[in-house]
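Engineer: Here it is, the structure, as structure tokens.
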Amino acid sequence: MAVFEGTFTQTEPLRLAIVIGRFNDLVTTKLLAGCQDCLKRHGVDPDPHGNQVDYVWVPGSFEVPLVARQLALTHRYDAIICLGAVIRGQTPHFDYVSAEVSKGIAAASFQTGVPVIFGILTVDTMQQALERAGIKANHGWDYAMNALEMASLMRQLRSNVTDSYTQTQSLPAAFPNASIGKLTAESEEV
């Protein structure tokens, strides 16, 4: 048997996309800066004119899952990082948006087999959001680390499945409904 664990050092030639909600951009731009700092320190070129990271700005967090799924369907990216901030107001709007964004990001990942990282802050106050975007810590850094680890792990798993298929001409028993290279609807239980 084998042990698989993602690494943070094998970043060439990783391709990442970052989807950022523009609403509450005082927070989301700080999350993005933390994310870019982490990527740069781990050998990923965050330059938007480079060839490793694409950036997509959307109106708000609610639009993030749709765009993340569309990007994941291209299979051009090793991971997609979703950044946004939903801050509770005095209406139930917060609950609806938070729930649908969470479900949508998870579905994008499950349906495509591409790691789609949940980097949406769901907080009660702007102060809490700012604390998580740089005053006390920057969760943008954490989201980038998650993306690096998951991209590495998924590459290892795909390589192992492909190697097993090449060696035995059949998929391992652990993946009875999977197909090489992409997941099918039958291979995932949500």
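Every residue gets a Cβ built from N, Cα and C, even glycine.
Quick paste of what Swiss-Prot says about this protein:
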type	residues	note
BINDING	Phe23, Ser61, Phe62, Glu63, Ala85, Val86, Ile87, Phe118	5-amino-6-(D-ribitylamino)uracil binding site
BINDING	Gln90, Thr91, Arg132	(2S)-2-hydroxy-3-oxobutyl phosphate binding site
ACT_SITE	His93	active site, proton donor
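Quick one: where do these features end up spatially?
Structural biologist: Sequence-distant neighbours of Ile87 (5-amino-6-(D-ribitylamino)uracil binding site): residues of the same chain at least 6 apart with a C-beta under 8 Å from its C-beta are Asn24, Phe94, Val123, Asp124, Thr125, Met126, Gln128, Ala129.
Long-range Cβ neighbours of Arg132 ((2S)-2-hydroxy-3-oxobutyl phosphate binding site) (same chain, at least 6 residues apart, Cβ-Cβ under 8 Å): Leu121, Val123, Asn138, His139.
Long-range C-beta contacts of His93 (active site, proton donor), restricted to its own chain and to partners at least six residues apart, with a cutoff below 8 Å, are absent.
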Engineer: Roughly how many angstrom lie between the C-alpha atoms of Thr91 ((2S)-2-hydroxy-3-oxobutyl phosphate binding site) and Phe62 (5-amino-6-(D-ribitylamino)uracil binding site)?
Structural biologist: 16
Engineer: Please report the DSSP secondary structure of Phe23 (5-amino-6-(D-ribitylamino)uracil binding site), reduced to three states.
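Structural biologist: Looking at the DSSP assignment, Phe23 (5-amino-6-(D-ribitylamino)uracil binding site) belongs to neither helix nor strand, so coil.
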Engineer: Give me the CA-CA distance between Phe118 (5-amino-6-(D-ribitylamino)uracil binding site) and Gln90 ((2S)-2-hydroxy-3-oxobutyl phosphate binding site), in Å, as a whole number.
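Structural biologist: With the alpha carbons as reference points, the distance is 24 Å.
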